[in-house]
Structures are given as structure tokens and as C-alpha cells.
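> What follows is a single structure, and I will ask about it in a moment.
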Amino acid sequence: FQDVNHMVIFGFGFFLTFLKRYGFSSTGFNLLITVLGVQCSVLIEDLIALLLQKRNEDGLTRITKAAVSMTAVVISTGTVLGKANPVQLILMAVVEIIVFHMSRWINTTFLEIPDSISMMHVHLFGAYFGLAVSSHFSEPSPRTEKNASTPKSDLLSMLGTLFLWVFWPSFNSVLFKNDKSKAVGNTYFALAVSAVTAFTLSLLTTKDGKFRVTDIHSAVLAGGVTVGYAAHSIEYPWIAMILGLLASGITILGSYCLQRCLHPALKIHDTSGVHFTFGLPGVLGALAQVVLLVIKNWTNLQSLGYLVMTYIGAFCLTISVALITGFITGLILNLKLFKTVPVSKYFEDQFYWEVSF
């Protein structure tokens, strides 16, 4: 629980501090929505247990699951970072945590996906829910420099990345009871290879042969996201290492394609780049899990087709629910009632905080 709590509060809090004038809001609002969302998540779990007449888990397990669930909300926050006000963020957090629990309940009840696997959909759900919400927020002017970073803000953001990197093996193994050590080892190897790949590709893709902070900031975590689905079942570390290599490559190369082609065409402004940091590696991890499932159960063809369809169904259901509910949530957040932030006030701490210079 401590490791997961450090990740969500400290890791993600500093991970989002790359904007030069939005540091107070990035860390402060992250704390606010996280502690509020954890309470909502525990209440929802209790309500589900009451309605289904299930036995409640112990308190620490419930809080840990709630903290893991909040990762989806924190990831979604990154897409509208600097553009949504605190009221909008709180409403988005409450709606998203409710819908995420509904999605997990469908996956575990009807598709019979293990609870620990369905929880790993937090990356997919958070990324695509956030992208759908951000499609309703105005894009900042390309001439503004307020959404730029400084060496100091990049350093603080890199500190958050390091904390996430260190604690990610705990995140991927926290819900597994029997294969915890295997999940930790596979996650570490995937993270290690993704870090090496990130530095290599960053060096090769720059004109002056220097490392790019934005590449390292996002790509070193990609291996942990991808391997999360199958970390407990991978028998050989080299498989996890290959997944880390592919995840880091997709993150860096995907950032170029998405930022230049897809996002402008769809009129989506992804402030923190969560699509290629969490979304694409999450898709890769879900597909890799299906491939590994086919390889492992190749001799049992009778049940193989059913297993593949249920896991693919859970993957598609998660993305579909995230996109549909995120789009609706974005419409609600832009009602006049919630006083949408004007574009001229984007990425400004002074709009919410007492700031002395």
C-alpha cells in the first residue's frame, strides 16, 4: 500500500509538474482528487459487496485497490492538465471512478476476467477516457508559451518519473497472491529495457545527438505499463524484456506520429502526452497478453477460442466504455454551470493560488 500510495501521490504529482506556471496546481489538485477518489472508490466497492451480498475484504486491501483504481483518474487528469478548473476535475474524478468500477464489474462478472487482470486496465481506461474528455476543451493558442517547460520544471517532472519507475514493480504485483515475486521480476526487467531503449532512441532521433528529456520522461515507464497484464504469467525474463523494448519504441515513435498527424486531425490537445505514455503501451500489453495466452494454451484448443474472445472482449469493452463515457463527461464539464476556464487563463497557477514572485 505504501508503494502504491507513493506512486499515486508523489510520483504522479511530480510527474505532471513539467508546465512552468502550473506546478502548484499539478501537485495540489492531484492530491485533492486522489484522496477524494480513494474514498469514493471504497464506498463503491462496499456498495457492490452489499448489493451482491459478497464478503468485504480487509480494510488495507480495499484502500490499496482504491489507490490502484485512482491511477486511471490521475492519468486522465494529464490530458486536461492546465485547462480544467478544480470543480471540473472533482466531477470528472467521481464520474470516472464510478464508471471504471462498472467496467471492472462487467469484466469480472460476465467475461470472468480475474480481478487482478481487470485492474490492470487502469492505464487503458484512464488514457482513452481522458482523451475523450479533452476533445471538448479548446486548444491553446500555438503562439502561447505558458504550456512550455523550463529546466527546473522538467527536473521536478523527472523526479516524479523516477519515483514511478522505482515503485512500478509493486504496482504490478500488489494484487497477485501466488506469483508476486515473478510479477516483480518481470516488471523490473521490462522497465530496465524500456529505459535503455528510451535513451538509445532519444539519442538516435535528435539532430544534434543529444538526449531529449520528454522522451526519457515518458518512455522509461512504458515497459511497466505493457508488462502489467502478463507480469505474473511470463515464465522467461527475456519475454518481458522484449515487451519493454517494444513499448519504449512505440512510445517514442508514436509520439511523433500522434502529435503531428492524429491529434491535430481529431482536434485533441493531450497536455501530458498520456496517449503514447499509457494508452499505446496499454494496447500493446493487452494484445501481448492474448498472444501469450494462445502460446500457453495451444494444446487445449477447445477452451482456447473462448479464452481469447473473453480477453479481447474485455479489452474492447474497456476502451469503448472509456471513450463513450469520457465524451459524455466532457460535454457535461463544458456546461456554463461549471465556469469553463477561458483559453487565456490556461496553464496559470495564479488563477487558483496565491502566488508570490
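Cβ atoms here come from the backbone N, Cα and C positions, even for glycine.
According to TrEMBL, the feature domain 'Ammonium transporter AmtB-like' maps to 2-337. According to TrEMBL, the feature transmembrane segment maps to 6-24, 31-51, 155-175, 187-204, 238-258, 278-299, 311-335.
Can you tell me where each of these features sits in the structure?
Per-residue pLDDT, averaged over the domain 'Ammonium transporter AmtB-like' (2-337), rounds to 90.
Non-local neighbours of the transmembrane segment (6-24) in the same chain are 30-31, 34, 67, 70-71, 74-75, 77-78, 81-82, 146-150, 152-154, 156-157, 159-161, 163-164, 167-168, 170-171, 217, 271-272, 347-350, 352-353, 355; each lies 6+ residues outside the stretch with a CB under 8 Å from one of its CB atoms.
Below 8 angstroms of C-beta separation, residues 75, 117, 120-121, 123-124, 126-128, 131, 222-223, 225-230, 233-234, 239, 243, 246-247, 250-251, 254, 307-308, 311-312, 315 of the same chain, each at least six residues beyond the ends of the transmembrane segment (278-299), sit close to that stretch.
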> Using Cβ atoms and a strict cutoff of less than 8 Å, what residues sit near the transmembrane segment (311-335) while being 6 or more residues removed from its termini?
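Those are 76, 84, 88, 91-92, 95-96, 99, 102-103, 106-107, 111, 113, 117-118, 121, 124-137, 283, 286-287, 289-290, 293, in sequence order.
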> Mind checking which residues of the chain, 6+ beyond the ends of the transmembrane segment (238-258), have their Cβ under 8 Å from one of its Cβ atoms?
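Hits for the transmembrane segment (238-258): 185-187, 189-195, 197-198, 201-202, 205, 214-215, 218-220, 222-223, 225-227, 230-231, 270, 273, 275-277, 280-281, 284-285, 288, 292.
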> For the transmembrane segment (155-175), could you work out the same-chain residues 6 or more beyond its ends whose Cβ comes under 8 Å from its Cβ atoms?
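Answer is 1, 3-4, 6-7, 10-18, 23, 64-65, 68, 71, 115-116, 119-120, 149, 181, 183-185, 187-188, 191, 195, 213, 216-217, 220-221, 224, 227-228, 231-232.
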